[in-house]
Structures are given as C-alpha cells and as structure tokens.
Amino acid sequence: MMSFVISDEFLGTFVPILVYWVYSGMYICLGSLDKYRLHSKIDEDEKNLVSKSAVVKGVLLQQTLQAIISVILFKITGSDADAATTQQFSILLLARQFIIAMLVIDTWQYFIHRYMHLNKFLYKHIHSQHHRLIVPYSYGALYNHPLEGLLLDTIGGALSFLFSGMSPRTAIFFFSFATIKTVDDHCGLWLPGNPFHIFFSNNSAYHDVHHQLYGTKYNFSQPFFVMWDRILGTYLPYSLEKRANGGFETRPIKVSKDE
C-alpha cells in the first residue's frame, strides 16, 4: 500500500501562508474591539486608499510568488534526507538558528525598507503601495508591490534561511513565527497581555507610527527588533494615549511635549 508523504520543503513553503490567513482571520473573528484599536473603524474606512478586496488580491499574488521561489530555493539547497543527516536537533541549535535568522532578516529589511523611502522613484512606484494602508489591519500585512515583496520579504527570508543554516523543517517553524509577528505588527490593535507587546519593542504601536505621515522617515525596523533604528538615528519614541471615544492613539514624544 502506497503512503503519501508530505515533505518538509512543501510544509516550509505553504504552512506560513496558511498561518497568515488563520492568524489574521482570528483578528477578524474578534470583531471591532473598539476599546483596543489604534485607529477608529471610521478612520480605517475613510483614510485607507485601497479597497480590502484589492488588498486580498495583492497579498495572494505576493504569496504565490514567494511559494514559487521557496520551492526553487529548497530544490537548490537540498532535500529532507540531506538535512536530516547533517543536523541533530537541539534546543541550543534551534535558538541559535532563530536568532541568526532574526538578525539577518531584520538587517536586510531595515536597509532595503529605508532605501525605498529615500529613493523617490522607488517610493512613488513601489513602496507607496504598502502605505496606501494608513490604518493597518491584520491581513494587509503583506500588501506590497510584487517587486517589494520579492526584494524585502522573499530575498530577506531566503538570506535568513541560508545564513542561519536551518533545515527545511526548522524553516517551517521560523517562517510561521515570523509570519505571525508580521501580521500582529499590522493588526492595528493594542491588546492587553499580548506577548509580542511584552517581549518586543517592535510591535503594532511601533509600526503604526511608521504608517502615519509624521513617522514615514522613522521606525523602519521590522519585524523583530528596533536596533537599527536606534543605532542609525531613525528611532522615533512615542506615547500611547487613550482616545476619548475609546481605543488608543500613538503620538510622537516630541509632539506630545509641545502640546
């Protein structure tokens, strides 16, 4: 009797895509959650410059391109059998590979992301597509121009995979974790007890600052740490203020002091 085996390469390619829609769908199922929103529902509907149907189509296009490149990358770097013979699982090895991958992808994305803001042509024709979402929401996290998706996410992910030396099996967990983190950073909510808000300075409020007009030259770091913003002077501190009609609002510290 023939058995059907799903390879780690297949799972490493498609599990993060499934995780993206499941995790962002969870936020949709939670409802409006007005008292935890960083922007009102009215602002979300009125300020964003792209329809939600266009966002879904854009994300699906990017994920299709990522899947194709992931399959090619896994084919080039070897099979499950090769990985199994060269790596023995240990928590220490897993932690080391995760940390290296996080640092690599953060470094790559910071400098590419910042350059897309500095270069007027790239911003106008490519990166501005992501900034059509002035009020971010969960499933808009990967709404980008296809070329930006290739440069920022796909190549960044490939480099983190290669430099960390992780196996396809480890990649399943790392890229699923990175996907959850990215979706959470764009969820537009400040939920009590959210572990990403507790353990990471780079979170939904931090990234929300970057999506506002006053913050487009700051807070480029994504998706894990804020080190490059701090080192290179693009870190914009902010305060989280309660709105009178419910929810929260991010305000740059400089503006808060002047008021």
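The chain as shown is numbered from 1 upward.
Backbone N, Cα and C atoms are what each Cβ position is placed from, and that goes for glycine too.
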For the annotation motif 'Histidine box-1' in Swiss-Prot, which listed range does it cover: 78-82, 113-117, 193-197, 213-217?
113-117
Out of 31-37, 45-51, 206-212, which range is noted as motif 'Histidine box-3' by Swiss-Prot?
206-212
Who are the long-range neighbours of the transmembrane segment (54-74) in its own chain, taking Cβ under 8 Å and residues 6 or more past its ends?
9, 12-14, 17, 20, 129, 133, 139-144, 146, 149-150, 153-154, 157-158, 161, 168
